[in-house]
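The transmembrane segment annotation in TrEMBL covers 52-71, 156-175, 187-208, 228-247, 267-289, 295-314, 326-343, 349-370.
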Amino acid sequence: MAVFAYLSSAVLSGFDKYKYSAIDTSPVSNYICHPFWNVCVKFVPLWVAPNLLTFSGFLLLLLSFAVMTYYDPHFYASCRDHPDHPPIPNWVWLMGAINNFMSHTLDGIDGKQARRTKSSSPLGELFDHGLDSWATLFLPVAVFCIFGRGEHGVDVYRVFLCVVGIQFCFVISHWEKYNTGVLFLPWGYDIGQIAMTLVYLITYCGGYEIWKFRFPVVGFSPAEVFEISLYFGMLGLTFPFTFHNVYKAYKNKTGKMLSFPEAMRPLVSTLVLLSLMIHWSLISSINIVQAQPRLYYWTVGTAFSHIACHLIIAQMSSTRCELVNQSLLPLFTIVAMIQFMSLGDTEIYLLWAYCIYITIKHILFGIGVVKEMCEHFNIQAFSIPKVSV
């Protein structure tokens, strides 16, 4: 038995009744990705656990993030107007392309491997979507690492807003499922992953300077076009469909028919988190996002994932979602201190402190939840019984 129980008996009982329900209408997914993944999964041995595929894909993205952080902690390596910062070695872009492609593929075949080995379980979906919530920060940060700051680049604060936008898109998809019982898979995910791999490969072949130009007529740089496309994906391909699906479920009485306060409850923690982080960035006496961009991104990404995982557990177990996550209390205290005191460089130490706190808390939470679910379902996280063909 776990020393500290993360999952109540009501949640575990809800998992016993859970059935996965998802709808994917993306042409890219249905006509390109899934046929390719159906071929790929046949090469995976039957003894390989689906969760091992999921976790391996996440580790590949984490590796790319770590290597790029080492070579370019402040996004100056791809700036021609900062020659004192050496460019990122070209092999890093090839590694990024391979890791991104493999991660996307592994994320696409893990569910197929689960059905193939008859090892599907609520743990697999929670594991998959929980790691996806953490990975929301990797794509925009990696892309803008290629473009850099300065000339033909994008300011790190605007990158932060892109990260916030992608995270909100992720959470409203699970808010949608919390209210409708169905996960409508967003179109932008597969398109973004394929585009990311291509951008990596182009950068490897042509170097980061290949992106240092502006499109005629409109005058936008590739970095700005990518930024605009992200917002177009959010506003055009995600939000309208999500709100329409929720409206339709309530109109047709096929959803959970919650009251308005209860329906909106799952969004509160995320909105509080993002509001606090945005407010911190605006009132900072040292311009904290400019001073420590990657640390700031990692902190908001990890805190977001911690909150999103609680929502995913609630919607899968059909239990009431928490209103405000406890991990926000230290952040609220820090932002309140910065609001009323000019702390200077002390802000960086406070950011480090909260980053370490939320990272450790989230990892321990993840390990605890996986252990409890494994005990409840009498399964192993990274191994499966031998499958008879």
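Glycine is treated like the rest: Cβ placed from N, Cα and C.
Between the transmembrane segment (349-370) and the transmembrane segment (295-314), the number of CB pairs under 8 angstroms, six or more residues apart, is three or more, so the stretches are in contact. Of the two recorded stretches, the transmembrane segment (267-289) lies close to the transmembrane segment (326-343), with three or more CB pairs under 8 Å once pairs fewer than 6 apart in sequence are set aside.
It is 228-247 that, among the stretches 52-71, 156-175, 228-247, 295-314, 326-343, forms the most Cβ pairs under 8 Å with the transmembrane segment (187-208). With Cβ pairs under 8 Å as the measure, the transmembrane segment (228-247) is packed most heavily against 156-175, out of 52-71, 156-175, 295-314, 326-343.
With a cut-off of 8 Å between Cβ atoms, the residues of this chain six or more beyond the transmembrane segment (326-343) that come close are 269, 272-273, 276-277, 279-280, 283-285, 303, 306-307, 350, 354, 357-358, 361.
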